[in-house]
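Data first, discussion second: the structure below is written as structure tokens.
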Amino acid sequence: MSDIEDDELAAAIAASVETFHQQETRNRPTENDRIGQDADADDEFEANLKSALEESKAEATKQSNPSTSGDRTPDIKAVAPSTSEPVASNPASEFLRQRALLEKERLERNKGRFPSGVANTSTSGHTNSSNRPGQKRTHSMSQSDEDDEEDEEPPQKRKTSTAVGSTTAGNSSGNGEGELFYEHELRQTANMHTEARDKKEGVKTFRLTEIIGNKREISFAILSSYSTDVSWLYSLFDPETPVILINQPRDAGQAEVHNILPNWIMTMPPMRGGKGAMHVKLMLLFYKSGHLRVGIPTANFIDYDWRDIENTVWVQDFPPLTKPIVGRDAVASSFSYTLQMVLNKLHVPAALQSLFKEHPNLPVQNVEDLGKRWAFGRAKVKLIPSMAGKHQGWDQVLKQGHVALMKGIIDIGAHADQTKRKSKIGAIELLVECQGSSIGQYSAHWLQAFYSSCQGISPERYLDKSQAARARLPTPLIRILFPSLKTVKESVLGTPGGGTMFCRQNQWDSANFPRALFHDSNSKRGGVLMHTKMILGLWKPKSNRTGSIAASMSKGKGKRDAPIEIDLDEEEEEEESEDQDIEVIEPEAAGWLYVGSHNFTPSAWGTFPDTATGFTPILNITNYELGVLIPLSEQPAEAEKQANQLVSWVRPPRKYNLAAGSGKVDTPWIQERLG
């Protein structure tokens, strides 16, 4: 490596452990967030430097004396002996000692160099107590051709006042990798505010350190997050472990690859017009034993996402194949095929190529190796991706967004043609509950198109309808879950804890906004706010309500909507009549659950432009997203029971009271109302 490259890497490393002040970012913190920050920059740097040096020395001591390590050991089962040797030297300690010399050049060098969307804080884990997880922030909004860009977490997040919590840096048990999940596992994240209750009720949770396991047993990792505290995340891994970190691109939206820490490379995918979000949360952990752990959390790699607010994680372990497979068999698994497609879109091949120069013994040399070397045929779920861009033609549209969700629902046997039959309980309809942390800009057409996909109905049937026919479609049986102002105020952190929940005032006040679909979001674990993104679909007995979606969303423009009624349109009534003599066919799945990074927004799930038809479909997607689709039981009662166990919210959710004059009118949590 040349002297110039050494200097550039050193500057990037210095930036990675300091608060980085991006001059022009897509989501700019409020002035309140910056009070005292600039004035105290020198003092903060000295404190951070001292703390980081102390931690670096401590880490070196732990590695040379593993038997005396004071690291916290998660309560997990050891299944294999450790094969790692103590590290002779800690590269982190070397570059940390040089940071003081680099500080004078830092502000000049990091302008335009370090990507936005990364919180570069001290590895000490201590910050000013004023930096609460939910501190109010405002965001500049950009608008795409098809949809508003969603409000999400600001690119630069800050630590909370309490350093203890769910994911203290440290090793797992020194002689093994930890518990394995070959049958897959879905859990909420551990939360410092619910630990006593969780223990009392026997609630199983995930800590990030438990998912990682023994960090010395990891040979390689690929991680993805929208907002990342790099130094905190770095402390959770062995400094010798090569890591690829996928992150939000800079404002220009160009694909880039950067060295950010010893053995760490950051890659950023292209973003059309610089708009949208690389919102994928993903962990691929390659262990020295050979197995691969895939984790999809709803949390970013920020400490308080794993400590103060509630998130969810899906995990499955995949054993290595005894003999690598080649040809078509390498992509025979839809899980493997989708995972490879996602990594290619996220610019991982370029990062692999760069990392391979320094680490020629990586377990994978290219993305295609994944399908050749691990048993993805054992996957218990369907991967559901959204890749930013314009997708045209059925071969492309079927792989993305809510159309990919539709295909997944068909694959697990939870689609309308499989379940919408006369039975002992009569006709059925799909109930959809959508839990997220950001609210989108919803149109009647988008809600109906999304609901159609949730039923496993091909968008071809929807796109071939006239505008008038679409307007007559029944109102979707959708419940939008978002915390009310009352819920946020009464949460354990109060209004300061609501900084990762986004609904805009102009959205809520819009004449055609579907306020009548809103329900309060309350965690089953008490007064914690949920950053979890889940969508639940359950087939239920059909109700006898009436009303079309267009009529319900146009009622009383500028006023609060009356409750929405639901009924079949004429076409569906005719189909129901024709089906009266058809033999009942039990569904393979009476419901499904989506978990991942997708909020319930058009930016995440995609939109059909007016030019899209059943013959030439087009799906425009603003964000990069990824999640999993989990099938529920084929028996409705059992599916309902499973849903109640798996979801993070209280069911049934409480519908917002929108009746004027009742004295208890509900309003959503809207940050801008606080001034």
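Every residue, even glycine, has its Cβ placed from backbone N, Cα and C.
Taken from TrEMBL, the feature active site, nucleophile covers H279.
According to TrEMBL, the feature active site, proton donor/acceptor maps to H531. H531 (active site, proton donor/acceptor) carries neither a helix nor a strand DSSP state and counts as coil. The Cβ of H531 (active site, proton donor/acceptor) has 27 other Cβ atoms within 10 Å, all protein chains considered.
Sequence-distant contacts (6 or more apart, same chain, Cβ under 8 Å) of K533 (substrate binding site) comprise T298, T312, Q435, G436, S437, V595, G596, S597, H598, N599, F600, G627. As annotated by TrEMBL, substrate binding site applies to K281, K533.
Taken from TrEMBL, the feature compositional bias 'Basic and acidic residues' covers 21-37 (among others).
As annotated by TrEMBL, compositional bias 'Polar residues' applies to 61-71 (among others).
Here TrEMBL flags 81-92 (among others) as compositional bias 'Polar residues'.
Taken from TrEMBL, the feature compositional bias 'Basic and acidic residues' covers 96-111 (among others).
Among the features that TrEMBL reports, compositional bias 'Low complexity' is placed at 120-131 (among others).
Taken from TrEMBL, the feature compositional bias 'Acidic residues' applies to 144-153.
The compositional bias 'Low complexity' feature in TrEMBL is assigned to 161-174 (among others).
Taken from TrEMBL, the feature region 'Disordered' applies to 16-178.
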Among H279, K281, which are recorded positions, the residue with the most C-beta atoms within 10 angstroms of its C-beta: H279
Local backbone state of K281 (substrate binding site), from DSSP in three classes: coil
K281 (substrate binding site) to H531 (active site, proton donor/acceptor) - Cα separation in whole Å: 13
Integer Cα-Cα distance in angstrom, H531 (active site, proton donor/acceptor) to H279 (active site, nucleophile): 13
